[in-house]
Amino acid sequence: VAPTGSVETEKAGPSYKPKEYYKVTEAILRLLLLASLVVAVVVMVTSKETELISVKLDPFPPFMLPLTAKFTQSPAFIYFVAGLSVAGLYTIISTLASFYNLLIKPGFCPALVSHFIILDVVMLGIVGTATGAAGGVAYIGLKGNSHVGWTKVCNKYGKLCTHLGASLAVSFFAFIVLLLLIILSIHSLSKKIPK
């Protein structure tokens with residue numbers, strides 16, 4: 001015979017409130033953003049290759065000359081490293097603030113979320129423009145431009161171009177993560193607006 005009255009059931013696993021899900025998701029996304037920014041910068045900075053290139057000076061016969069290609073030879077790649085480094089520094093600070101808000105000072109802080117939204121949008125612009133600028137230069141290196149006489153270089157510097165492509169792909173991933181963070185922050189802030 002089952003006793004009458006209320007019976008408490010135990011839930012499997014911890015129970016999280018919706019705002020805790022937001023905080024945990026935000027912290028995970030910020031860590032993912034930081035990791036992707038660091039990887040993109042490190043891969044770009046380590047992109048350096050030396051190849052023997054045939055050089056012809058009239059009236060002399062062609063000769064082989066060792067030429068080095070590296071990221072510092074293009075202002076777009078320098079901007080890429082600088083922009084992603086700034087975004088990485090901001091991400092370190094915002095990740096620490098997220099963990100502080102998650103672990104030490106629980107509770108929803110609309111002021112912190114609104115500051116994150118504004119600064120995340122600024123960082124989205126920086127990461128987007130840096131990725132676009134570097135991507136444009138990398139594309140010219142890959143395909144060249146016959147109309148203005150720019151020859152492609154990726155057929156000679158394959159390792160360098162592989163590094164550039166990988167760095168740009170990871171940077172684009174960081175751009176998407178940053179966009180998701182902005183959407184998540186706006187959604188969580190909109191839930192606090194009285195209806």
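A Cβ is built for glycine as well, from the same backbone N, Cα and C atoms used for every other residue.
The model shown is predicted, which means the values in this text are computed figures rather than measured ones.
Taken from Swiss-Prot, the feature topological domain 'Cytoplasmic' covers 1-26 (among others), and the record attributes it to sequence analysis.
Annotation source Swiss-Prot lists topological domain 'Extracellular' at 48-75 (among others), citing sequence analysis. DSSP places the residues of the topological domain 'Extracellular' (48-75) in helix, strand and coil in these numbers: 4 helix, 16 strand, 8 coil.
Annotation source Swiss-Prot lists topological domain 'Cytoplasmic' at 97-120 (among others), citing sequence analysis. Averaged over the topological domain 'Cytoplasmic' (97-120), the predicted model reaches a pLDDT of 82.
Residues 43-44, 46-49, 51, 53, 69-70, 138 of the same chain, all 6+ positions outside the topological domain 'Extracellular' (144-163), place their C-beta atoms under 8 angstroms from a C-beta of that stretch. According to Swiss-Prot, the topological domain 'Extracellular' annotation covers 144-163 (among others).
Under the heading topological domain 'Cytoplasmic', Swiss-Prot lists 185-195 (among others).
Taken from Swiss-Prot, the feature transmembrane segment applies to 27-47 (among others).
Long-range neighbours of the transmembrane segment (76-96) within the same chain, counting only residues 6 or more positions beyond its ends whose Cβ lies under 8 Å from a Cβ of the stretch, are 27, 30-31, 33-34, 37-38, 40-41, 44-45, 116, 119-120, 123, 126-127, 129-131, 133-134, 136-137, 164, 167, 171, 174, 178. Here Swiss-Prot flags 76-96 (among others) as transmembrane segment, drawing on sequence analysis.
Positions annotated as transmembrane segment by Swiss-Prot, on the basis of sequence analysis: 121-143 (among others).
According to Swiss-Prot, the feature transmembrane segment maps to 164-184 (among others). Non-local neighbours of the transmembrane segment (164-184) in the same chain are 22, 25-26, 29-30, 32-33, 36-37, 39-41, 43-44, 47, 71, 77, 80, 84, 87, 116-117, 120-121, 123-124, 127-128, 130-131, 134-135, 138, 141; each lies 6+ residues outside the stretch with a CB under 8 Å from one of its CB atoms.
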Residues of the topological domain 'Cytoplasmic' (97-120) by DSSP state, where helix covers H, G and I: 19 helix, 0 strand, 5 coil
For the topological domain 'Cytoplasmic' (97-120), sequence-distant contacts whose Cβ falls under 8 Å of one of its Cβ atoms, 6 or more beyond its ends: 19-20, 23-24, 26-27, 30, 90, 178, 181-182, 185-186, 188-189, 192
Number of helical, extended and coil residues in the topological domain 'Cytoplasmic' (185-195), per DSSP: 6 helix, 0 strand, 5 coil
Residues of the topological domain 'Extracellular' (144-163) by DSSP state, where helix covers H, G and I: 6 helix, 2 strand, 12 coil
